[in-house]
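**Q** What Swiss-Prot records for 5-25, 38-58, 70-90, 97-117, 122-142, 196-218, 231-253, 264-284, 318-338, 364-384, 401-421, 445-465 (among others) is transmembrane segment, and it gives sequence analysis as the kind of evidence.
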Amino acid sequence: MTADLALIWPELILTIGGLITLMLGTFMGDRQVGTYQLSALLTLAAAAAAAIALFGVETTVFSGTLSVDAFGGFAKLLIYAASFICILVAPRFFTGGMRAEYPTLILFAALGMGIMASSRDLMTLYVGLELNSLAAYVLASFMRSDERSSEAGLKYFVLGALASGMLLYGISLLYGFTGTTDFAGIAAAMGGEPGIGLIFGIVFVLSGLGFKISAVPFHMWTPDVYEGAPTPVTTFFASAPKVAAMALMARIVIDAMGPAVGAWQQIVIFLALASIILGAVGAIGQKNIKRLLAYSSINNVGFMLIGLAAGTQQGVEGVLTYLLVYLVTTLGAFLVVLQLRDEGGNQVESIPALAGLSQRRPGLAAAMSVFLFSLAGIPPLFGFWPKYLVFEAAVNANLVPLAVAGIVASVIGAFYYIAIIKTMYFDDKSDVEVTGGGNAVEGTIVAASALWLLAVGYLFIPALAVASAHAASVLF
């Protein structure tokens, strides 16, 4: 037991740090924003350092229910980085409404996501997922005085409960037909051709996970929740949980369902096709920038699923690279949105209100253009590279029609990204005076993200290839 505890330092640090942050908020009150914000940031930094220290370890703990390996470590670093930024930029948005619960909930959500990424058992999978989900429901409705935020939290909770029920039913079927909840045991019990009961179990488990990554047709909550939730919370939803759920999905289909590739691959292909098509088409005509970015996230999840559908190490490497680039791009785009304010200091979310932004705030307009072009996967921006990797993996796995469909969807999706850029640069100024006004921290993060996507990212391709290959090899 003591040896096992020494290998889960990231989780222990997050647990202790979350409790300390909560107590600080309880005893110091909501006026000491900087204190509990600093506590949460230091906790995440320490957890990331612990994850890096364990990067060379490959073992299991607690009777094989959790895995300590490079794959989980890679995912955790992305999760902790996204959580760090979402806490760092939050106080200015809430302007007096910031409470200690916000960083505490982020910490416990990060704890749950880390467990998801390291799970090797259906029970730990569910515990991690629910820990993340329960924190997320509260975060979505964090602005209690805002009707949209309360509505977003309620929608997320109701649909999330439905997805959890589907996942639990799938888990019960897998356990009933294999006699175990361990991933390795499930893979051994599946053998060659799975029976109809196991196939139903696979369908329900992947459906529950599909909700967490906003894959079509389990995406219904995404546009409404992204629009209604506070922007820092939306930024969090669009980044860290996607990494955790995609890592979990990769681990369960490769580790637990590997022998039944013929069954799960068809499901993943369907989710990928539906997501890239509806994500591209659904964004056309959107007038709210947060709703549009919600459809963009659905579209990008579809591209990640193309790499996963390949079922090869090359495909998983592409997915990991995609997650990193997507994280940088999405965080940058939402940080730009976070800085869009009118003269009254209110958040500007309407796309028509961005008309003439290039004249009022040329730096923000230029950065947003970089992020949008990168989300579209237009070369030479770095967002093109992960799309190329997942398409290459699909072609090498004889999934040429899927790769072709992805390319067509990329072309369609580029339309609405370019439409926003056209609004910012070529339309007449809107009546809304967008003042911006981000602080130095936000400006630095936005500038660094844009620079990385413009050119610097390509310099990291060799290092990223080594890291993603090492992480993906754990599953094969």
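Backbone N, Cα and C define each Cβ position, glycine as well.
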**Q** Answer yes if the transmembrane segment (445-465) and the transmembrane segment (196-218) have at least three CB pairs under 8 Å among residue pairs 6 or more apart in sequence, and no otherwise.
**A** no
**Q** Taking the transmembrane segment (231-253) as reference, which of 38-58, 70-90, 122-142 has the most Cβ pairs under 8 angstroms?
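**A** The stretch I would name here is 70-90.
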**Q** Is the transmembrane segment (364-384) close to the transmembrane segment (70-90), in the sense of at least 3 CB pairs under 8 angstroms with a sequence gap of 6 or more?
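**A** When sequence-distant Cβ pairs are counted, the transmembrane segment (364-384) does not touch the transmembrane segment (70-90), since fewer than 3 lie under 8 Å.
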**Q** Per the definition of 3+ C-beta pairs under 8 A with sequence separation of 6 or more, do the transmembrane segment (97-117) and the transmembrane segment (5-25) touch?
**A** yes
**Q** Taking 5-25, 38-58, 264-284, 318-338, 364-384 as candidates, which has the most Cβ pairs under 8 Å with the transmembrane segment (401-421)?
**A** 264-284
**Q** If we skip the immediate neighbours and take only residues 6+ beyond the ends of the transmembrane segment (318-338), which ones have a Cβ under 8 Å from one of its Cβ atoms?
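**A** Counting only partners 6 or more residues beyond its ends, the transmembrane segment (318-338) has Cβ contacts under 8 Å with 74-75, 78, 81-82, 85, 89, 93, 231-232, 234-235, 238-239, 242-243, 246-247, 250, 289-290, 293, 297, 300, 303-304, 307-308, 310, 347, 349, 364, 367-368, 370-372, 374-375, 382-383, 385-387, 389-390, 392-393, 438, 442, 445-446, 449-450, 452-453, 457, 464-465, 467-468, 471-472.
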